[in-house]
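Engineer: As annotated in Swiss-Prot:
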| type | residues | note |
| --- | --- | --- |
| DISULFID | Cys76-Cys132 | disulfide bond |
| DISULFID | Cys175-Cys224 | disulfide bond |
| DISULFID | Cys275-Cys336 | disulfide bond |
| DOMAIN | 68-150 | domain 'Ig-like C2-type 1' |
| DOMAIN | 158-240 | domain 'Ig-like C2-type 2' |
| DOMAIN | 249-348 | domain 'Ig-like V-type' |
| CARBOHYD | Asn120 | N-linked glycosylation site |
| CARBOHYD | Asn124 | N-linked glycosylation site |
| CARBOHYD | Asn185 | N-linked glycosylation site |
| CARBOHYD | Asn272 | N-linked glycosylation site |
| CARBOHYD | Asn324 | N-linked glycosylation site |
| SIGNAL | 1-22 | signal peptide |
Amino acid sequence: MMKMTMKMMVHIYFVSLLLLLFHSYAIDIENEITDFFNKMKDTLPAKDSKWLNPTCIFGGTMNNMAAIGEPFSAKCPPIEDSLLSRRYINKDNVVNWEKIGKTRRPLNRRVKNGDLWIANYTSNDSHRMYLCTVITKNGDCIQGIVRSHVRKPSSCIPEIYELGTHDKYGIDLYCGIIYAKHYNNITWYKDNKEINIDDIKYSQTGKELIIHNPALEDSGRYDCYVHYDDVRIKNDIVVSRCKILTVIPSQDHRFKLILDSKINVIIGEPANITCTAVSTSLLFDDVLIEWENPSGWLIGFDFDVYSVLTSRGGITEATLYFKNVTEEYIGNTYKCRGHNYYFEKTLTTTVVLE
């Protein structure tokens, strides 16, 4: 009985020690996070920091993109930030928004589920700053700043799908509405005809349309129409995006790699050599070529030796450039590696004096 008691005491001691260490470590992490945001606050321009309440914790800044004539929404930075969100995501918290600049103006009528919501973003809203304040049920407050910037959405985004790539999962088409959340629903059209989401040929998950059992006939124009409700006037707002889908037959992804075995150079002069991949695939960017130095490191845009990649019409080339050949390069062997999802090939070339 005494032995069991001693074992239990030792066990309890070690468990307590581990809990104490973990608690101490957690406190250190929290303190480091707070210090990080305090330092960020210190770097703010005076014209921004003057709007902050000195009694509130600072929770960072965010830059959000917006599209003219479309809805725009933004979360308060401490709720969106991965370091702080677990502290401040709580349905009982209150989030207030203000527009700041020359003056400050409350925006409580432009709030949806705690997020800033602008139903029709105009050029007058561009580059504006917004201050949000999260008030917890304990009365603590934390503030963040959001800046909005205009970005014009692409009119129609081309997308290519090759049969046999991942047919059992289907083709995923993403409706690229990234400027506003809280939409009601999304309807999809193919070639101006509404798609019936029957969960057989077509299914829908959030912003994605999934086309099952892909076929060449699935090529076409796909439009997604996103429906919103305005906070104030309850009018339906519709925003659209477009994809041009081209379904192609399964391709032959084999390719031929071409490279001279020697680089003839002259000391003190520049030199270059090109490694070429010739593909029969319709996917012109199917093959990627990389150069490796004698130590096996990839060569990028270094000062003395660098590589430039080009691709056109099924031919991919990577040219290795020597800015100024010195004796240390003589005898070095460089590897050209061509690869795609299916195949990989390598060839080598050696630097020799002419």
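Just so you know, the numbers here start at 1 and follow the chain as drawn.
Even glycines carry a Cβ here, placed using N, Cα and C.
Describe the structural surroundings of these features, if you would.
Structural biologist: Classification of Cys76 (disulfide bond) by DSSP places it in coil, neither helical nor stranded. Taking a C-beta cut-off of under 8 angstroms and a sequence separation of 6 or more, Cys76 (disulfide bond) has the following same-chain neighbours: Gly59, Tyr88, Val95, Trp97, Gly114, Asp115, Cys132, Thr133, Val134, Gly144, Val146.
Around the Cβ of Cys175 (disulfide bond), 24 further Cβ atoms fall within 10 Å across all displayed protein chains. Taken residue by residue with DSSP, Cys175 (disulfide bond) is part of neither helix nor strand, so it is coil.
Under the DSSP three-state reduction, Cys275 (disulfide bond) is assigned to strand. Neighbours of Cys275 (disulfide bond), defined as other CB atoms within 10 A of its CB across all chains, total 26.
Sorting the domain 'Ig-like C2-type 1' (68-150) by DSSP state (H, G, I as helix; E, B as strand; all else coil) yields 14 helix, 36 strand, 33 coil.
In the domain 'Ig-like V-type' (249-348), helix, strand and coil residues by DSSP number 3 helix, 52 strand, 45 coil.
Counting only same-chain residues at least 6 apart in sequence, those with a Cβ under 8 Å from the Cβ of Asn120 (N-linked glycosylation site) are Gly69, Glu70, Pro71, Ile237.
Sequence-distant contacts of Asn185 (N-linked glycosylation site), defined by Cβ-Cβ distance under 8 angstroms and a gap of at least six in the same chain, are Val226, His227.
For Asn272 (N-linked glycosylation site), the count of additional Cβ atoms within 10 Å of its Cβ stands at 14 [all protein chains shown].
Around Asn324 (N-linked glycosylation site), the same-chain residues six or more apart in sequence whose CB sits under 8 Å from its CB are Gly268, Glu269, Pro270, Asp304, listed in sequence order.
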Engineer: Looking at the recorded positions Asn124, Cys175, Cys224, which has the shortest Cα distance to Cys275 (disulfide bond)?
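Structural biologist: Sorting the recorded positions by distance from Cys275 (disulfide bond), the top entry is Cys175.
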Engineer: Consider the recorded positions Asn124, Asn272, Cys336 and say which one has the Cα lying nearest the Cα of Cys175 (disulfide bond).
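Structural biologist: Out of the listed candidates, the nearest Cα belongs to Asn124.
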Engineer: Taking helix as H, G and I and strand as E and B in DSSP, count the residues of the domain 'Ig-like C2-type 2' (158-240) in helix, strand and coil.
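Structural biologist: Taking the domain 'Ig-like C2-type 2' (158-240) as a whole: 3 helix, 40 strand, 40 coil.
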Engineer: CA-CA, which of the recorded positions Cys224, Asn272, Cys336 lies nearest Asn124 (N-linked glycosylation site)?
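Structural biologist: Its closest listed neighbour, by Cα, is Cys224.
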Engineer: Specify the count of other C-beta atoms within 10 Å of the C-beta of Cys336 (disulfide bond).
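Structural biologist: Its Cβ has 24 other Cβ atoms within 10 Å.
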